Structures are given as structure tokens and as C-alpha cells.
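Residues or ranges marked as domain 'Carbamoyltransferase' by TrEMBL: 4-65, 248-322. Annotation source TrEMBL lists domain 'Carbamoyltransferase C-terminal' at 386-551.
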């Protein structure tokens, strides 16, 4: 048995485990520390992944890390745990390229044989840390700088070998415009910091962009040998600040978003020219940009598009495990079909009961009642009635999702039939800006009737944003952004959540539900039952469902 432990110690720290070439666990550290984008420490994620896999540190045959990581003080607990990992594993492989590991995660997750792969993020490995030859003979390199970092890479996979075919490098000299040569991810980061004060506000920027027409001019020179941000556009960025009225800068956001979409499409088309494949994968943080993904799917010329659900640096842990399995241990099995994103821990009914018992005093103080259901059908009927009456439902079941999207196992569900529901959830539960959209979830058998999508369209990872039909927007106004698009998630008609959607359709005529992540303001998605109960008590959520069998209700009906 070959056990490979892959870890990412950068921001979005995470751990992943492969056993005999199969990915059995992937967990983000932030779910346990309750700090979004947790970096450096990875101990909770490692111990959880080991538990899920049913192995111990002594069973690990190979530890794989990335040279691109946060440095920690040698006397810190984080450094002590790193040393414990290295001592425990018979073999330790430190992979030099951050972008390689992003690419491996998407290749593995897609189930494609020999896809083209595009990796786009803000900053990858620094050039002087790359031990391998930068590129294959005859490949393209742009923006090489002694202080450069990976930022955009195109890979081929012919013959089952990952091969970098074109790369662009970024500098990292913040706001030093005379020497700064940035890539697409850092352009988006600069815009996010200009409006919201942090580079972690990319999702807010993407939402804000739909509120206005793009500002005059362009931020990216699409006619350059490699599309790159224009130096004459940098005057728009003067430094991090939190704008009190971000809507006033919507045209700036729209301009950056427009250029990002055009650039991603140009890079996808370049990948199509460089790689003889009809299949296309995307990874790196920019892969979370749903409008750009939709445009690439529609206009790039590729037949199939797959975006790794943990496209940000948590996905590097999966890439590390895959690289170790395939390249170091020589395990050649490729996955058959798309990877399930449900790679975290599941919690038993007994663990749920213990959590309820631990918080019984607080639950009683809030007038919360508990009910057990012996039949899933009976529970679905009850919850459908709650949703029909505009109650907000916490839905906690099965293994937790890997990545930043709630995909139905750690979700908040609600009726989308009134725009007021979106306002209520954003204001009272999520504590965020009123312009932020919520996503719909629906059975995949219905999506073509309500969205402008090609035949066979699927979006199980919620990473595409097609336009809805006029009928869909009228039936579910809370599920659509101001531009008429929606970050729809499709799922099997026979899944429990799919069956709930079909019940809701029969009861109301609306074919979808709202699905947003189960978390409060500034928090990661909940991980354990205790987290879900604490959120239920803190925010005005009406119903909490555990494992499709136990229902907590704020007041008796």
C-alpha cells in the first residue's frame, strides 16, 4: 500500500492523502482554526485527513510539500510540526513548482486523459527556486525577471507527462510601478485592494463588476506577445483602502473584470493552439472567476472544461499528493470520471447527538426543539414545507466539501421566489454587502429548460455562471445577479438535495433553491456539528438539518 501525504503550507493551508493512487481525503486547515485563508499551520488538516483515511503518520510512505510556502519561526509550533512530519515519513519530496501542483490537481480531478491545462493565480514559485528546466525546448516564456514568480502557465499532458509549454512571470514589488511587471491575478488583487482593502475580496469584486459599465480604456494589452496588464493603467491603484460606498467604483471593477475575461479567453485559445486536445482544465485562484469560466467554455473551442473546485492554494495539497503518487511512486492509475469534491470528514448521528447534548442549555434558552425522522422522504416533505414558507434552512450532511463553495453538504438553503430573501440572507445571516449574489441549486435534468446552456451542460462544482431565461428570472429572482446570470450548481435528480428541489418544484412551480455556504460573517464554512449549532444560535436561521435525520427548529410549529 502506498500512502502519500500532500500538504500546502501557504495561505489556504490544507492536507490531502492518496492511498494506492486513490484520493481518499482532502481537508482545509481553516475549517478547524476558524480563520479564513489560514496559513503556515496545517496540523489540524493533517490529523483530520489521516483519520478519514484510516491511517497514521507512521503509515505514510511519502510526504510531498511545495517550495513555495510561508516561512515560520524555527521555535514555533508550526515549525515543530513540520519537523515531526519530515521525521515520520520515510521519504520527503519538496516539489519546486507551485503551478505544477495546481496543474496536477486539475488533471487528476477532471478524469481527462490528456487535457490542456491553464493555471492562473497571483504569485507562484519564485524563479530562482525552480530546480527543473523552466520550459521544454521551443516553449514560450514571457516576463522573465530575476525576481519573477510564476503567474500564468499553459501545460500539455501528452503521453501522460505534465509539460509546461508557455509561462508568464510576475514581479512582486507592490505599488512600485517603475519596476512592477504583474500578471492577471495580481491585477485583480490590486483592484480588490483599491475598493475593499484586501486581496481576498476577489469574490466581492466579481459581484460588483456587474453593477456598471466598464470604465473607459483597458487594463490589459491583448495585442502584446503575451496578454499583460498595461503600465499606463496602474494609476488607478494608489493603495489598499476600504471604500465606504463600493458601488461608486463599480465601473472600475467592471473594467478589470472585462479585461480578465478577455485575457482568460485569449490564454485558453492559446492553449488550444499549443495542445492537441478537446479537453481543458483550469486551476489557480483566478479559476474561481465564474464569468470568465463561462466565457472560456462558450468561446475557447474546447469541447470540455473542468475547473478544480479548490482552485486556490488549498488545491495545491491535492496536487502534491498526486505528483507524489504519479511521479515519485510511479502509480499510474488515472481516475475514471470527475472527482467528487466531498473529501472531508463526515459526522455520525451519535456525534451529532453528543454535540446537541453539549449545547443543550443554549438550545433550550433559545427555544429550540429537536425532532428525529426515521425516513428521508418524511424529512424532505417537512423541509420542503419550511422552504415554501420562506424559512431558512441549514443543511449539514455527509462529508464536507473541499474548496470554498458549499455544494450541498454544508449549505444554507432558502426559497428564491422573492428578492427579499437574498436581502435577508446577505444582511441578517451572512453580514455582507447587498450586491452580493446567491447561487441556485437545481436538478441537472432541468437546467437546459431554465438557463442558456449547451446540451449536456453540468455544473456540479458551482464554477460557471450562465444566463438564466426570462422565465427562470421571474420564478426565482433571488437566484440571479443583476446581469441575469447565476452561479448555478447542478446535481443528480436522485440525490437527497435533488429530490428536495423536485418536491419544491411540485409545491411551488419554482425549479431551484438558493444554496449558499453555511457560515457567518468572515467565517469559513462550518466543519463540525458544534460549528453548525453555534452558527444556528448566533444568526436568525430557522431550521438546522443534520444527516437527513435530525431537525432542530427555533420554535415549535
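Glycine is treated like the rest: Cβ placed from N, Cα and C.
Whatever TrEMBL says is automated annotation, not expert-curated.
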PLDDT averaged over the residues of the domain 'Carbamoyltransferase' (4-65): 97
DSSP helix/strand/coil residue counts for the domain 'Carbamoyltransferase' (248-322): 49 helix, 9 strand, 17 coil
The domain 'Carbamoyltransferase' (4-65): DSSP-derived helix, strand, coil residue counts: 18 helix, 22 strand, 22 coil
